[in-house]
Amino acid sequence: MPTVDDILEHIGEFNFFQKQTFFLLALLSAAFTPIYVGIVFLAFTPDHRCLSPGVAELSRRCGWSLAEELNYTAPGPGAAGEAECRTQGRREPIHWLFLREKPLKARNIRGVPWFNLVCASSWMLDLFQSAVNVGFFIGSVGIGYIADRFGRKLCLLVTILINAASGLLLAVSPNYTWVLIFRLIQGLVSKAGWLIGYILITEFVGLSYRRTVGIVYQVAFTVGLLALVGVAYVLPHWRWLQLTVSLPNVFFLLYYWCIPESPRWLISQNKNAKAMRIIKHIAKKNGKSLPTSLQSLRPDEEADEKLNPSFLDLVRTPQIRKHTLILMYNWFTSSVLYQGLIMHMGLAGSNFYLDFFYSALVEFPAALLIILTIDRLGRRYPWAASNMVAGVASVFIPNDLQWLRVTVACLGRMGITMAYEMVCLVNAELYPTFIRNLGVLVCSSMCDIGGIITPFLVYRLTDVWHELPLLVFAVIGLVAGVLVLLLPETKGKALPETIDEAENMQRPRKNKEKVIYLQVKKVDNPLN
């Protein structure tokens, strides 16, 4: 029986339908950016200092300037978690104020004036970001199961609807509590929707285009980073910024009429008639004809049984269990190194918007390197090398030469960006269709765990020794690179449809016979 890949060879592996669908889903990928990294703009903290009445009085009597006052006093933890200042041996409870040596521009104030998230309340900013990562984790597992159980399209539309509603409500939230609630809801659906879009596009295209669209889909996220900088610069007020970045999700609801269900998923659920209608629709869009011999489909080995996904399927068999554990660790590593290197190094220079813009540009060469190497060297070796480069760059960052420091930091950023894009690509290629979405979302949930603990990992270990976080990053990066070499090579292989195919990916396969399907027109001749 022909597979979906066989059919796509005849009706178009990346023709008009696939290009249109890819463009629509790439917009979805770019729109995910404000949720993932938007905190740097939504919760920007302007220059400020904690205000102590005792310090102010002492400064008045001594005639201190502002610089002297800041130099002679130091903030420290006070009783009951309140911030205090030590002033010549005394401790004074403190509040906060903005530093206004110059007139304070509106561009420098975002979340702080409304919620006062500084000094004793600064931990609430960490909670704001942790909430979205907790949502990522829960949503990845739960919605991943639903997408494999009830379909890609349904879950994609539901996540878009909830994301749009929660984003708009967040923009008009009256207080911090409601902001936190809607931010958590956004986390529950947004990342899952992004990954469902990734799964959909890889299932719509043919084998020879699958890796390219997977990488460029992630490049669309980088384009979103660049667009976010411009929008944030033009709209400094956090509410207008949140409203603007949430509006595209409303228009994404029109995808109900533009994007069909995945025929691969329908076949795995034994819904052959619906799958064939969609395949004929794709053929019509691409201007191709579907041979009669290809108009009958069923799964290769499990035709008569509807396949329902289960979490146990991810660990039930030995090879898939190994894949799951290695992929989970690599998702975790990618998240910790990607966010941790940025937190530890900081952004050089004084212009916040330009710094963010330049750091995003580094991700384009990473994508280009993947495209140039992935078909020549395969998946495993570039992936393993990128993890190791990121790990080594974490250790060897010299402090004396600024240009060398920046160069090594860029190499580390490129390396971990490549690893991030590779793990997403290979993850989808190692699981059979009926648990593919579940496998990607469950494994990727480990990057949410990494996102939750990375701030604590960086800042707490830095208190022990400034270079200790970098040493930890180096170790986990090198270990991730070694583990990648234990995975099977997926270069040039069709997506597995069954458990048996996924289990046998490590074994060498016999060359598949090339089957040519011919459409024969039958002509009825009347008997003389």
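Yeah, the Cβs are placed from backbone N, Cα and C, and that goes for glycine too.
Per TrEMBL, the features are:
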- 22-492: domain 'Major facilitator superfamily (MFS) profile' (DOMAIN)
- 21-44: transmembrane segment (TRANSMEM)
- 127-147: transmembrane segment (TRANSMEM)
- 154-172: transmembrane segment (TRANSMEM)
- 178-201: transmembrane segment (TRANSMEM)
- 213-234: transmembrane segment (TRANSMEM)
- 240-259: transmembrane segment (TRANSMEM)
- 326-344: transmembrane segment (TRANSMEM)
- 356-374: transmembrane segment (TRANSMEM)
- 438-458: transmembrane segment (TRANSMEM)
- 470-487: transmembrane segment (TRANSMEM)
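Remark: the transmembrane segment (356-374) makes no contact with the transmembrane segment (240-259), by the rule of 3 or more CB pairs under 8 A. Take the transmembrane segment (178-201) and the stretches 21-44, 127-147, 154-172, 213-234: counting Cβ pairs under 8 Å, 127-147 has the most. Of the Cβ pairs linking the transmembrane segment (326-344) with the transmembrane segment (154-172) and spaced 6 or more residues apart, fewer than 3 are under 8 Å, so the two regions do not touch. In summary, the transmembrane segment (154-172) lies against the transmembrane segment (240-259): three or more C-beta pairs, each 6 or more positions apart in sequence, are under 8 Å. Touching of the transmembrane segment (213-234) and the transmembrane segment (470-487) is ruled out by the presence of fewer than three CB pairs under 8 A, sequence neighbours closer than 6 excluded.
Outside the transmembrane segment (438-458) by six or more residues, the chain places 126, 129-130, 133-134, 136-137, 140-141, 143-145, 147-148, 191-192, 195, 198-199, 309, 311, 313-314, 324, 327-329, 331-336, 339-340, 343-344, 424, 427-428, 430-431, 469, 472 with a CB less than 8 A from a CB of the stretch.
As a whole-number mean, the pLDDT of the domain 'Major facilitator superfamily (MFS) profile' (22-492) in this prediction is 77.
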